[in-house]
Amino acid sequence: MKRIAVMTSGGDCPGMNAAIRSVVRTALNYEMEVYGIEQGYSGLMEDQFIKLESRSVANMIQRGGTFLRSARAPEFKEEEGQLKAMENLKNQGIEGLIVIGGDGSLAGAKVIHDKYHFPVIGIPGSIDNDIYGTDMSIGVDTALNTILWCIDTINDTASSHDRTFIIEVMGRNCGYLALMSAISGGAEAALIPEVPFKIENIIKKIKERYEEGKTRSVIILAEGVGSAGDFGKTFDMIGGFETRITVLGHIQRGGSPTHFDRILATRMGASAVDSLLNGESGVMTALQERKIELVPLGEVLNNKRKMDKKLLEIAEVLSK
Ligand code: F6P
């Protein structure tokens with residue numbers, strides 16, 4: 001294999017640049033040529049290829065976002081878009097592709113492997129940690145540290161005013177960010193899509209905590225549950241509170257990647273190149289018990305991550 005391409009697709013996450021850097025320098029070390037595809041599947045369909053050298057990824061490991069840029073490209077679901085993309089890969093002389101992104105991006109990679117029999121490796125990148133088969137996706141650790149800084153900051157002012165805050169964090173279908181940040185941020189409750197709850201029970205719990213002497217309360221709500229604004233209105237109406245709402249939004253998706261994310265991205269990038277050279281395809285690099293393993297994309301996409309029951313229990317016990 002002499003020429004490969006790499007792209008980032010879907011929602012960006014901190015650590016994508018570190019993964020691209022690792023792909024580029026690992027491949028160059030094997031005397032392969034590397035091309036970057038700008039704007040994910042959009043760029044693949046529109047022939048946006050740029051040659052990457054070692055200097056192209058210099059001073060990049062610490063930068064958030066993705067310098068190749070990213071996009072959500074529903075056109076790739078159609079055969080017309082796929083044929084354009086495959087034609088471009090062929091014309092550019094690309095022999096293997098590495099796709100960094102979330103579920104949607106990995107689904108695109110599966111099509112390239114299954115339908116067009118083209119060598120492709122996926123790397124999980126999404127702050128949500130909703131990708132099956134890997135303990136952690138790239139970007140999750142950085143997002144959690146950003147959220148934690150926000151919770152700590154809000155805690156200061158919440159304590160001064162004996163206030164209740166509702167903090168909305170990202171996670172469309174997955175409450176991982178909400179649960180983990182609630183535990184590490186000492187919040188009173190984590191409301192996540194995986195676990196049904198009654199608002200009356202949350203109100204009762206918060207009132208009891210104030211009666212026991214707490215001077216502030218923080219509730220972390222995953223966006224998949226609904227909007228914090230709507231939840232807050234009902235919470236105040238039934239419970240007689242005057243909550244303050246903070247929606248963290250895209251602040252969670254930016255920022256310089258943490259040490260953990262830089263190392264994870266670097267290991268996965270190197271493993272993806274090695275895997276292509278070893279003739280692997282249709283698989284995703286995954287962190288499992290500290291090792292980088294390969295998981296078939298079919299397995300990744302046909303399964304849903306389960307919330308760790310022990311962590312749910314810990315969150316409940318420690319929020320007293
Ligand atoms: O999938 C990652 C994610 O950050 C979700 O948590 C969030 O719902 C979504 O992307 C936001 O997407 P966009 O940036 O396209 O609004």
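One-based numbering along the chain as shown.
Keep in mind that glycine also has a Cβ here, set from the backbone N, Cα and C atoms.
Annotations in TrEMBL come from automatic prediction, not curation.
TrEMBL annotates ARG72, ALA73, GLY102, ASP103, GLY104, SER105 as ATP-binding residues; of GLY11, GLY15, GLY36, the candidate listed for that same site is GLY11.
TrEMBL lists SER126, ILE127, ASP128, MET170, GLY171, ARG172, GLU223, ARG244, HIS250, ILE251, GLN252, ARG253 as binding substrate, and of ARG163, ARG216 the one it places in that same site is ARG163.
Ligand 1 lies under 6 Å from the Cβ of the following binding-site residues, listed in sequence order from GLY11, ARG21, ARG25, GLY104, LYS214: GLY11. ARG72 (ATP binding site) has ASP128 as its nearest neighbour among the recorded positions ARG21, ARG25, ASP128, ALA187, ARG216, going by CA to CA distance. Of the recorded residues, ARG216 (ADP binding site) and SER105 (ATP binding site) place their C-alpha atoms 41 Å from one another. Each residue contributes its Cα atom, and for GLY11 (ATP binding site) and ARG21 (ADP binding site) these two points are 19 Å apart. Ranking the binding-site residues VAL23, ALA187 by other CB atoms within 10 A of the CB puts ALA187 at the bottom.
The two recorded residues, LYS214 (ADP binding site) and ASP128 (active site, proton acceptor), have Cα atoms 31 Å apart. For the binding site of ATP, formed by GLY11, ARG72, ALA73, GLY102, ASP103, GLY104, SER105 according to the record, the largest Cα to Cα distance is 13 Å, rounded to a whole number.
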